[in-house]
Amino acid sequence: MKDLLKFLKQQSKTEEFNGIKIGLASPDLIRSWSFGEVKKPETINYRTFKPEREGLFCARIFGPVKDYECLCGKYKRLKHRGVICEKCGVEVTQTKVRRERMGHIELASPVAHIWFLKSLPSRIGLMLDMTLRDIERVLYFESFVVIEPGMTSLERGQMLTEETYLDALEEYGDEFEAKMGAEAVLELLRAIDLAKEIEQMREELPSINSETRRKKVTKRLKLMEAFFTSGNKPEWMILKVLPVLPPDLRPLVPLDGGRFATSDLNDLYRRVINRNNRLKRLLDLAAPDIIVRNEKRMLQESVDALLDNGRRGRAITGSNKRPLKSLADMIKGKQGRFRQNLLGKRVDYSGRSVITVGPTLRLHQCGLPKKMALELFKPFIYGKLEGRGLATTIKAAKKMVEREVAEVWDVLDEVIREHPVMLNRAPTLHRLGIQAFEPVLIEGKAIQLHPLVCAAYNADFDGDQMAVHVPLTLEAQLEARALMMSTNNILSPANGEPVITPSQDVVLGLYYTSRERINGRGEGMAFMSVAEVEKAYATGAAELHARVKVRITETIIGDDGERTEQRRIVDTTVGRALLSLILPAGLSFDLVNQNMGKKQISKLLNTCYRQLGLKDTVIFADQLMYTGFRFATISGASVGIDDMVIPDEKYTLVADAEAEVLEIQEQFQSGLVTAGERYNKVIDIWASANEKVSKAMMENLSTETVINRDGVEEKQASFNSIYMMADSGARGSAAQIRQLAGMRGLMAKPDGSIIETPITANFREGLNVLQYFISTHGARKGLADTALKTANSGYLTRRLVDVAQDLVVIEDDCGTHEGLTMKPLIEGGDVVEPLRERVLGRVVAVDVFYPGTEDVLAPRNTLLDEAWCDKLEEHSIDEVIVRSVITCDTDFGVCAACYGRDLARGHIINHGEAIGVVAAQSIGEPGTQLTMRTFHIGGAASRASAENNVQVKNSGSLKLHNAKHVTNSDGKLVIVSRSSELAIIDELGREKERYKVPYGTVLEKLEEAAVEAGDIIANWDPHTHPIISEVAGSIKFVDMIDGVTMTRQTDELTGLSSIVILDVGQRGTAGKEMRPMIRLLGANGSDLMIPGTEVPAQYFLPGSAIVNLDDNAQIAVGDALARIPQESSKTRDITGGLPRVADLFEARKPKEPAILAEISGTISFGKETKGKRRLVITPADGGDQYEEMIPKWRNLNVFEGEKVERGEVIADGPEAAHDILRLRGIHNVANYIVNEVQDVYRLQGVKINDKHIEVIIRQMLRKCLITSAGDTEFLEGEQVEVSRVKIANRELIAQGKVPATFERELLGITKASLATESFISAASFQETTRVLTEAAVGGKSDQLRGLKENVIVGRLIPAGTGYAYHKTRNDARAKKDEPVVVNKVTASEAEQNLADLLNMAGSQD
């Protein structure tokens, strides 16, 4: 019997498919799916529980209720399979057909499908070129529409109200035809001749001038073409037949007590059937028009509710006032089909339990409770018991397991040996959230976890739970062992650094072991070997921290892998000598001969991995952990209240600060400072007092005075427990110690502003009521933030994964010569990220030369590993062009060379690696560590903003970047260009620091001059913006009339008078058109020219400019003609943290973006309008001028007559990524986004490799805008995938035709995800209805390229181990499509072949 069923199951072969197509269903197609018409709204007979005939659950239509049994019970058993009972008409088959057989309802009047009507833009509306309002009025029987105008003056598609319709009837009689309702729309749609319309529109397009009209026609044309090419007919958007979902997918379940639980769909279907039957009856009775119309409208509404409840009008509600769940609601949203069931399936063979520490485990092990193991491995145990002959049947085996007989445990031991299990902790934010371990059976009920993997899981033991999953098949076990084993995941995929670094107690133990103490017991002893040190420590002759001399033996591994031993005597401590015992052979003792903090340990593990490989590192990590735990125990470090030593200086420092605050308060009361200045100064005073206190406290804590062997006092690092914990990186930080033993400091209100009275007490002294109350603000904000942050961070990760999920490495090398230029990142004067960190693991795109020569140092296509990076540093290279995924030329994927090294494995990336998902996880996972808030610039933060000079930190020579300058009368350089930068170069030409210098900066040194560290080399006034003269001569005021365009003001203190230019708004009518300026005249009174140009030297003065010169005064080059006061930049909120990252990836336009020059040329200002000024750029080559209106209040960086380059900043502000892409190109926008995102993460101390951000940027740049179509079938202004255009252009160029031209477009991640070619992926992301509507209209076919689509259809994903499967399938498919070439063999050839074969056979005898 069982075999028979198995045989039957095999008959239904699964179809091999290569894609999924979605389209509109024609009425005939719907009827062909159906197994019968549902005519009655009844569901089941409430007495007998049997389905009603011709009802919604009818067994005759949908299949039997019990397996192989008809409804009336005449035929039972399998032997009648396929018989149709003549009594009840039910086919004898399996019940599961009730999940797949559909029915249908023949609608008495056509009904519009709400998705094509209401989902914007309305497809029916576009098709008929009518507005949605008009169509709705027709559909819901409010007005008539003309279908056939005949010989009348009416037009097709014209709307007629009831009155106008009657008038027309009187006038024309039956010359014309007008109808209402869906029938009317159906006829209009049916009358459209697609081919003709498309042709007409294509001809019409080039001649359309109005932008909006052109857009509309293009949209309509696209829709028509979609219908035309897909073979969909427009009239199918109106339903004549409604399909009925199989009954088991909308179940009706009897509850106890005679009530029923039912799916909402049954209610919705019942409504439709009731109204449909009533309408049929009314039509048969030939009822009055108005009644029929009303019924038709109600039918339309009930079908709308069934398809998408609540889209039009009020949602239909059930008995409990809850809107009914329609078909559309079933598939969309988090609880919908896509996300709940297709992407988030549950698995069997899993369990979960609380986790505890397993300090004795090895890195590849986890402790599994026996109870859990027994349950998880049950089938394996049954099989083993039966195979051993210990149990005769499965039933017997079951009994044995239930009784927990002794043999069962032995069998269990065997079963789990070498059978890895997977442990997962939710939330799984990156791929290290699931790892495989070998189980070790333990007593108890908690899973034991190895402490070193906690960092990857972000787990702690305060009640966290973890899930265990068992890989069943051999392939799954193999993957778990080879790819997911915790020992294979030592490096983090986000930054390539070890992720299994010890933390907390282990760090403290190792740090304690490696510290030295002056005059410790045994100081000065000398040992012949480490073994001897061990003895001395064990016997107590020398203590752990004693400074001793030891002869050590080191193993040195040469480049060829040859090992040589070397002995030397080192000064070290007993503890460090003991640590050298666990150091793997091949590592230098110097690595542990230092204070081992968390950073040092991490570096040690990293070095070990790079030099000795995986196996040694894993063993070493375990040893480090055991040692750390051991010595942490021995150290006895603890936190006591006396450990928080309050510095004596604290009280005087606080008193001084209070005195200063009082002084400021007095100044404020006498009116010398404003309220704002007072507040800022007070906050500055307290901030610096806090710094001083904490400095004194740390000095006090971190050192202690001891007497050395010679009886002299000496300072040494203290052994204070709290200090050791913070210093080693085990727990706590200077900031936290400051709150314990210094002062709590300034606090913020809930709105983010700083309270000006700080908490001067610390936690050891205790807080008073007021201080405690102020503290609660911060604490509560922290909690609220955390909750918000988690949700936001999760949503960002989801969007990132969605945009990048289909990006996979598919070839070795795309051969491109493009790349991104990498330089060290320099901010202010510090190198934030050296070049080696930016290029490590990348591939060189353009040969790197030795500095100053033509010899190649690193040839193109070199993978830069650690050794190469050392070489680059040696030769002080400060710029390398590396390959990047942004410039990769591979279609529908990327190549290994453009990606470079797989960070988690340390070698070049493998084919099939899902780099998109890895990138998304690497960016999203630290999201929860980022802050949520927007920072107000105020108080302490505003000090840094008013810089007014450059003080260099390194010696070297001075170099200027894109700077124009003039030399003033003192022989100093004055900068007269905008975005100038100044750099300090060392003797090898490497850039050490770089600063932005504003217009009007005076340089103390000339270019190329030598500077010393600490020199101040540039000065400027941060509060005003000067206008610098570039020529010497006498000045002439133009249009400067007192009281009309300017006023004179006299300074009360100095008595000097100055001229202030009035703003245009403040001038009378006479002054409105005047343009005040200063002209420079030569000795003979003629205009002077700006050197090197034909432009006369005249400087326009904007409103509120201050001039301190008199008419006809003589001036020199580089003098300031006028000063424009800068408004103290309004306290703008800086968006920081997570929202900033989201803004960057969504490519949102900032509020007031910087204005960039659209073309290169000369600036001039045209006629001003109210509130705006007209900026005109005239290109040098005499092309078209570019005009732009700019609001008056924008601070412009340019003056009339200045030359600008395309993409240069004209008005300050945050730059918009779209502008950067348009005006400065793809490389600049990539650098901009990478650097901005990295700034946010760097602030939080999170390391992410640049290439992950680049992967996301590549996906944001996936689409392009067609600027001219050439001979392609694209439309101008259409948005197309770049790969598609490139492929099409390649074919066209090969044929000698005109290729299309395009502009790259930057889409935000949400937009890019929805614009993907795969409609399945887009629909499962967001806006399901819109995506599916669009796809259906276009008859789209999903080629299942990405990961998500394949998960949804239940296939292996085309990445990782599934990549090979997909590759072979695709190759086979390509082969099948190739024309078969038959090689004809000539006679002589055939003879020769035969002879060869015979010879071969002969030679083998």
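Any Cβ shown, glycine's included, is placed from N, Cα and C.
Of the residues CYS869, CYS888, Swiss-Prot places CYS888 in the same Zn(2+) 2 site as CYS814, CYS895, CYS898. Other Cβ atoms within 10 Å of the Cβ of CYS898 (Zn(2+) 2 binding site) number 29 in total over all chains.
The binding-site residues considered are ASP460, ASP462, ASP464; of these, ASP462 has the fewest other C-beta atoms within 10 angstroms of its C-beta. Of all the binding-site residues listed here (CYS72, CYS88), the one with the fewest other CB atoms within 10 A of its own CB is CYS72. If you compare Cα positions, CYS898 (Zn(2+) 2 binding site) sits closest to ASP460 out of the binding-site residues CYS70, CYS72, ASP460, ASP462. Within the same chain, residues at least 6 positions away in sequence whose Cβ sits under 8 Å from that of CYS85 (Zn(2+) 1 binding site) are CYS70, LEU71, CYS72, LYS74, TYR75, GLU91, VAL92. For the binding-site residues CYS70, CYS814, the ranking by surrounding Cβ atoms (within 10 Å, all protein chains) places CYS70 first. With ASP462 (Mg(2+) binding site) as the anchor, the candidate binding-site residues are CYS88, CYS814, CYS895, and the one with the nearest CA is CYS895.
In this structure, CYS85 (Zn(2+) 1 binding site) belongs to neither helix nor strand by DSSP; it is coil.
Listed in sequence order, VAL809, ILE810, GLU811, ASP812, ASP813, CYS814, CYS888, ASP889 are the same-chain residues at least 6 apart in sequence whose CB falls under 8 Å from the CB of CYS895 (Zn(2+) 2 binding site).
CYS888 (Zn(2+) 2 binding site) falls within neither a helix nor a strand when secondary structure is assigned with DSSP, and so counts as coil.
Cβ neighbour count for CYS888 (Zn(2+) 2 binding site): 24 (other Cβ atoms within 10 Å of its Cβ, all protein chains included).
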